[in-house]
Amino acid sequence: MELLPPLPQSFLLLLLLPAKPAAGEDWQCPRTPYAASRDFDVKYVVPSFSAGGLVQAMVTYEGDRNESAVFVAIRNRLHVLGPDLKSVQSLATGPAGDPGCQTCAACGPGPHGPPGDTDTKVLVLDPALPALVSCGSSLQGRCFLHDLEPQGTAVHLAAPACLFSAHHNRPDDCPDCVASPLGTRVTVVEQGQASYFYVASSLDAAVAASFSPRSVSIRRLKADASGFAPGFVALSVLPKHLVSYSIEYVHSFHTGAFVYFLTVQPASVTDDPSALHTRLARLSATEPELGDYRELVLDCRFAPKRRRRGAPEGGQPYPVLRVAHSAPVGAQLATELSIAEGQEVLFGVFVTGKDGGPGVGPNSVVCAFPIDLLDTLIDEGVERCCESPVHPGLRRGLDFFQSPSFCPNPPGLEALSPNTSCRHFPLLVSSSFSRVDLFNGLLGPVQVTALYVTRLDNVTVAHMGTMDGRILQVELVRSLNYLLYVSNFSLGDSGQPVQRDVSRLGDHLLFASGDQVFQVPIQGPGCRHFLTCGRCLRAWHFMGCGWCGNMCGQQKECPGSWQQDHCPPKLTEFHPHSGPLRGSTRLTLCGSNFYLHPSGLVPEGTHQVTVGQSPCRPLPKDSSKLRPVPRKDFVEEFECELEPLGTQAVGPTNVSLTVTNMPPGKHFRVDGTSVLRGFSFMEPVLIAVQPLFGPRAGGTCLTLEGQSLSVGTSRAVLVNGTECLLARVSEGQLLCATPPGATVASVPLSLQVGGAQVPGSWTFQYREDPVVLSISPNCGYINSHITICGQHLTSAWHLVLSFHDGLRAVESRCERQLPEQQLCRLPEYVVRDPQGWVAGNLSARGDGAAGFTLPGFRFLPPPHPPSANLVPLKPEEHAIKFEYIGLGAVADCVGINVTVGGESCQHEFRGDMVVCPLPPSLQLGQDGAPLQVCVDGECHILGRVVRPGPDGVPQSTLLGILLPLLLLVAALATALVFSYWWRRKQLVLPPNLNDLASLDQTAGATPLPILYSGSDYRSGLALPAIDGLDSTTCVHGASFSDSEDESCVPLLRKESIQLRDLDSALLAEVKDVLIPHERVVTHSDRVIGKGHFGVVYHGEYIDQAQNRIQCAIKSLSRITEMQQVEAFLREGLLMRGLNHPNVLALIGIMLPPEGLPHVLLPYMCHGDLLQFIRSPQRNPTVKDLISFGLQVARGMEYLAEQKFVHRDLAARNCMLDESFTVKVADFGLARDILDREYYSVQQHRHARLPVKWMALESLQTYRFTTKSDVWSFGVLLWELLTRGAPPYRHIDPFDLTHFLAQGRRLPQPEYCPDSLYQVMQQCWEADPAVRPTFRVLVGEVEQIVSALLGDHYVQLPATYMNLGPSTSHEMNVRPEQPQFSPMPGNVRRPRPLSEPPRPT
């Protein structure tokens, strides 16, 4: 025993009550997402043109005299549009061979090739002429020249010129065959007075065989526009690689002294063709030569700032280029890229593969490659290859274009000739150029399909088209973790992908999507997607946004006042929403446009806040409370002190913020007023305080009750001027822990709200601290009494009793009694320890005073009074013996008094048996004397003690003797009639199933008499005789039944199974399970019951010590083959290994020399659970019934852990032993699911199925799992709570599957707690994966049992609940039997049967 030091003042209060911060403490303004300041669902309508077919190519022209045009090519047609996208001219480009083909006619009379549609592959401008050149997929890929003829601001096309000379072209050498049907990219460069076409085409074996295209070539346009000059330079994929090595040319452009092509191609001619990467090919724009052709691998990766687990070190690669564009960059991006402003940068959108499928990162990434750096890397690669010393083994590469070679040798040569230069041959630079995603993965799921980059002011903007037909205009920056959107809008409702090629015309970009061409302003389509004034005026200057009343727009869109210099403040929330009419309130305003500087400093006189008629004085911002706001969120806070004026009235009012004379910020100044409703002035009222006394140590939990106690932001409870620590604040109640007092005295107690005292006069009395000196006894059980002795025990409002087992603590409060002694009850605690009790510390505390702890306190299970009637005394007996489970274990903990007829007897305990010698002075009359047992002050009359006199026998005893005699006579008469009839049939029914083994197998099957569940010889009911096969006889075959109660068992005649025929290795393995048949005595006239697989007899087993042990013997009649016998023996070996208090153990298996196997099981004197709960003589409580289910759950949890599936869990298959412990039985035919996942009953076509206990999926698929056992457990709980009512009694078994599939389930029984019915519903979930496990069910049912206070929760009537009319065999009760009335009212608590026995 030890004394505990005093606790902190509020410790006990915090134990009893969950802590809750007072109103106003640490309140923060709700963050407004940054996305809330914009709306990307705003519809913008931009000019568009419908081309009449999928747009294949597009190019724009701007002349020197303000003439401009847009050229749009679709299949078989070329459109000429004006700058407003109005059609100016249309030209037929196909089909080839069609008389209406205008371009075909330019080549003279045909035929010029095979007929077919013309898909435009090349559409470029020759700026020198100027002229438009188009090349299609027909006519061997020839091109046509269209001179441009300006007509005002519009442009027309002259008659086309055919760039094809028949006499200069032949199949093996065709300089005028330019376009490939697989795709061609062309860039036109003016050199001197000539135009050179830099052409790159995708090839395969079929295209290469049709005419003579080239992969890369430089062709000069003839001056007479008759075609291209022969003898052009070219590179082509070698014929041996045409099948496996495909090159896609994505983009081409000209800048500075070079022309560049961007390709997607396999990484190597020897590797997997699907392993792609991106390359940049560079050609000289000043010399039409290919000797300085260079390639460089571009590497784009996504490398997040915080690398994900499992991600590669260098970031996730995105090797496939989807679209690219080059442009000069603005100052900000140039600084981040470490280049000069205005330098050209190549931007590319990359994906993970050809299909652009999602990876672990974003769908698309954007990388930037400065052109100067690209050229530098290429030049350095040339130096490494051609300048000494050359690294050995350095390859020239491009093996798909040329013969393999090592640097510095030319292709195909082993040495460099003096007349040749290493630099005059194509080269793949050995190093790659690597960059990371500019957007750091922020594009996320967006799939970018088009890209165009522009410089606006100092800002670099990427204009991107997406797979779903949207346009994103985003500022390109690297230093942010969010996207700076100029706009994000949809081009239309079709949602078709935006195509790769984008053209610019003046201040507009032309995007193509499906058959539409859209004209999008570079500055964005508008400003309406900005929703707040602050966001509107912070937009880029080039957008021209301004605030127009209550919306953002461009000046041309605003009919009223439009300005760009100021915004009003905006209130969105404030706290608190109420304040005291007297006293101050610290008011926090939330919103935007309060400040324009990060410091949040408010100049004097700029901000005015009024609440109703009362001013609110601005407070300086507390820098210690400043918290960083994520850039994706925004919120501003403003605090002021509100002190109501004397004229302020109680009630609701408005909060108003006015900002004037604020100095301008970077983008605008704040000026205006914002008003928000919802504040109320209230008058707090204190009505009651309790308790008004407590110990000097403090810690007393004060409860202050009243009205409007939570108004404002500050309140204080003062006890003698010292603050009482608040633990909970609500509108009607305050809870606090008193501070320590200096002396024993009465001190003032007051409440202040907002610094003003609430009217009322209260006094608190400090008393002497309670001192606990002892706690007794040192053991007990739930709700048993504990005595606390000490001094000043009534100084505390309540003493608290706490039990701690080392892991958790439970508490109960003691009611006030005497200052020196208090009687308390132990708290609720469930003992789960296998030893039957739990040791821990029992403590007593009084508020904040020092406590007392009793170590080593033993917590025991509560005792359970018996429910069986007392046995009459024999004449020679002078003591009463009765069983009282758990009473002996608690004898040292509580007071126990046993009386007979009001006279006390000197009782003694022998385990759970109580022996009570009768007092000598006791006279037992004819009606006997009542036996009463009082335990810890609670008394129960267990029955009446009677002793039969010599003059007569009590009527009840006489009936008990005569009724069995009459039943025996009736049984003998029935047996004689049956024997006579059987002899006439010349068949003898053997007395047990042993003799059936020798019957002739060809004789067929003979049915046994019907034995219903509970057809037990011990019940005194005779077995009905059979006169032939009646309507109850089973038809041999597959069938369904509600339960095995209604089944009959046919006996199969079969050949004898010899013990010597069994596998010797198996017999050796199961020798510990087998019991010699000489040690087993079967009482074949004592039938306990029957099942589908056999009959159960009462028997005896003689162990090795010659002790006769009662047992139940189950003879199996359905095993017909030797393999089944061997399988049964192996299963018996598994069953022998099961050991759990709630699982029926297997004594052994007896296999006679000739005959069928017999199973020996422990004898259960109380029979099965169904018979028990249906019996009118039993009176279990709700807690008893649920505890039976808890024991079943524990047994099933064990079987599930052992990987057994029961398949037939029901109340009829659970047994009760002499201590009323439930044992799960009839799992012997369960299948070990270690062998296979589930067991199919289709393997046993004669098995009768307990369909009304089966899970839905078992009814549908005939498969069983542990989760189908969980369903059956739910039905078993329903049986228990209805005391054995048949489930689905009005549903035909063949309709049950449809009934359950509709979601319908068994109704909630009348006395079933809601929490238990919820457990049943969880067991009946249609999806087996959603059902709980048995481990979870054990925990949930344990909680339900522990929540039922006491052992006797509700008195159940002895009549059956929820049962309609039924046959006698369904109820296991004859219809003529009288109903039993409820227990007499003077019986306070019947003997509960629920708790399993605990070892003492």
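Every residue gets a Cβ built from N, Cα and C, even glycine.
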Need the cross-check against Swiss-Prot: the disulphide partner of Cys533, picked from Cys552, Cys558, Cys567, Cys590. Cys567
Hey, which of Tyr44, Tyr452, Tyr1097, Tyr1353 does Swiss-Prot call phosphotyrosine? Tyr1353
Of the candidates Cys545, Cys548, which does Swiss-Prot name as forming a disulfide with Cys558? Cys548
Which of Cys386, Cys407 (the disulfide-bonded residues) has the most other Cβ atoms within 10 Å? Cys407
Sort the residues of the domain 'IPT/TIG 2' (684-767) into helix, strand and coil with DSSP and give the three counts. 0 helix, 50 strand, 34 coil
Select the closest residue to Cys533 (disulfide bond) from the following binding-site residues, measuring between CA atoms: Lys1090, Tyr1163, Arg1212. Arg1212
Give the sequence-ordered list of residues that share a chain with Cys558 (disulfide bond), lie 6 or more positions from it, and have CB atoms under 8 Å from its CB. Gly546, Cys548, Gly549
Measuring Cα to Cα, how many Å separate Asn720 (N-linked glycosylation site) from Val1096 (ATP binding site)? 81
Cβ atoms near Cys174 (disulfide bond) (within 10 Å, other residues, all chains): 21
If I take the Cα of Cys407 (disulfide bond) as reference, which of the binding-site residues Ile1088, Lys1090, Tyr1163, Arg1212 has the closest Cα? Arg1212
Comparing the recorded positions Cys101, Cys567, Val1096, Leu1161, which residue's C-beta has the most other C-beta atoms within 10 angstroms in this structure? Cys567
Can you work out the mean pLDDT of the predicted model over the topological domain 'Cytoplasmic' (979-1400)? 69
Candidate nearest Cys177 (disulfide bond) in space, where candidates are the recorded positions Cys104, Cys386, Asn458, Asn488, Ile1088 and distance is Cα-Cα: Cys104
Counting by DSSP secondary structure, give me helix, strand and coil numbers for the domain 'IPT/TIG 3' (770-860). 3 helix, 49 strand, 39 coil
Report, in whole Å, the straight Cα-to-Cα distance of Cys143 (disulfide bond) from Cys107 (disulfide bond). 10
